[in-house]
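Undergrad: Okay, these came from Swiss-Prot:
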| type | residues | note |
| --- | --- | --- |
| ACT_SITE | Tyr207 | active site, proton acceptor |
| BINDING | Ser62, Leu64, Tyr207, Lys211, Thr242 | NAD(+) binding site |
| BINDING | Ser194 | substrate binding site |
| TOPO_DOM | 1-17 | topological domain 'Cytoplasmic' |
| TOPO_DOM | 39-325 | topological domain 'Lumenal' |
| TRANSMEM | 18-38 | transmembrane segment |
Amino acid sequence: MISPSSRKGMLKERAMDLVTQTTILPLLFGCLGIFSLFRLLQRTRSKAYLRNAVVVVTGATSGLGKECARVFHAAGAKVVLCGRNVKALEEFTRELADSSSSQGQTHQPCVVTFDLADPGAIAPAAAEILQCFGYVDILINNAGISYRGAISDTIVDVDRKVMEINYFGPVALTKALLPSMVERKRGHIVAISSIQGKISIPFRSAYAASKHATQAFFDCLRAEMKDSDIEVTVISPGYIHTNLSVNAVTADGSRYGALDKNTAQGRSAVEVAQDIFDAVGKKKKDVLLTDFLPTMAVYIRTLAPRLFFRIMASRARKERKSKNS
């Protein structure tokens, strides 16, 4: 015989089951449905925003720039490939053309060859870029150079070279193309910065300085262009498995010529390019593409600066000891 207390407990349990079935579960599935619909609408808007858009990619001959150009081209954008090596750009153009048949409607890329390190080349290059399709929707400032060396050993010409390529070149190109965007009240400027635009690590001074400057400039530009309907996105990746360290400049201006450990263990350029594509499509403002520990370092730098400085000093000692051993 069931006692009154047991019967009461059973009734309570059944009531809870009924509430769960009639209220909580439908609510849960409803929320999931709304979220899925939101994601679908977001993807649809992103595709519409990027399809047929004129996208300029600097540093498109290799690494991240090449993969960015590839993913935007596959999405139906009209891509302008920029770089110093005309042969490499033409080969990449043929590669994209060969892959077009399996990717639906795509456009023949346009090639513009120039050197960001040459201040006199920027204005003519911008004019040539505008001649490709008549206007620019999205400018991806990707081209850059890295650096390895101690501050005390580095000649100032090296600092100037890194700043010219990583900061002054992109700034000059942005300023050259900006008036046409403002006139159309449409445009999107993307700066490929680095986590080292948010924190500085030892033996990367010139590179970190150029990326800090990049972050600051494009943050200012975003605010100033708000009323002109110009979007500005700053992307700050961590280590990417490319030849960036191999082609880095050293203290005396020579080529570093080695794939260092952190770069070798970095994310693939294909993955990062897809993340950049998604961020641009969603018109994100500031994107940090790093693993957990580097992301935490950014917060530690802000919330516990003394701890951050001790960590960096320890890293400097270890790296110096490793070089001297």
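Note: Cβ is positioned from N, Cα and C throughout, glycine not excepted.
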Undergrad: Report the same-chain neighbours of Ser62 (NAD(+) binding site): residues 6+ apart in sequence with Cβ closer than 8 Å to its Cβ, ordered by sequence.
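TA: Ser62 (NAD(+) binding site) has long-range Cβ partners Ala88, Thr242, Asn243.
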Undergrad: Taking only the Cα atoms, work out how far the residue listed as 'active site, proton acceptor' lies from Ser194 (substrate binding site), in Å, as a whole number.
TA: 9
Undergrad: Between Ser194 (substrate binding site) and Lys211 (NAD(+) binding site), what C-alpha distance do you get in Å?
TA: 6
Undergrad: Max Cα distance spanning Ser62, Leu64, Tyr207, Lys211, Thr242 (NAD(+) binders), Å?
TA: 20
Undergrad: Restricting to the topological domain 'Lumenal' (39-325), what is the model's mean pLDDT?
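TA: Averaged over the topological domain 'Lumenal' (39-325), per-residue pLDDT gives 95.
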Undergrad: Given the recorded positions Tyr207, Thr242, which one has the fewest other C-beta atoms within 10 angstroms of its C-beta?
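TA: Lowest Cβ count within 10 Å among the recorded positions (Tyr207, Thr242) is Thr242.
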Undergrad: Might you list, by sequence position, any residue in that chain lying six or more from Leu64 (NAD(+) binding site) with a Cβ less than 8 Å away from its Cβ?
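TA: Within the chain, Leu64 (NAD(+) binding site) has Cβ neighbours under 8 Å at Asn142, Ile192, Pro237, Ile240, Thr242, Ala269, Val272, Ala273, Ile276.
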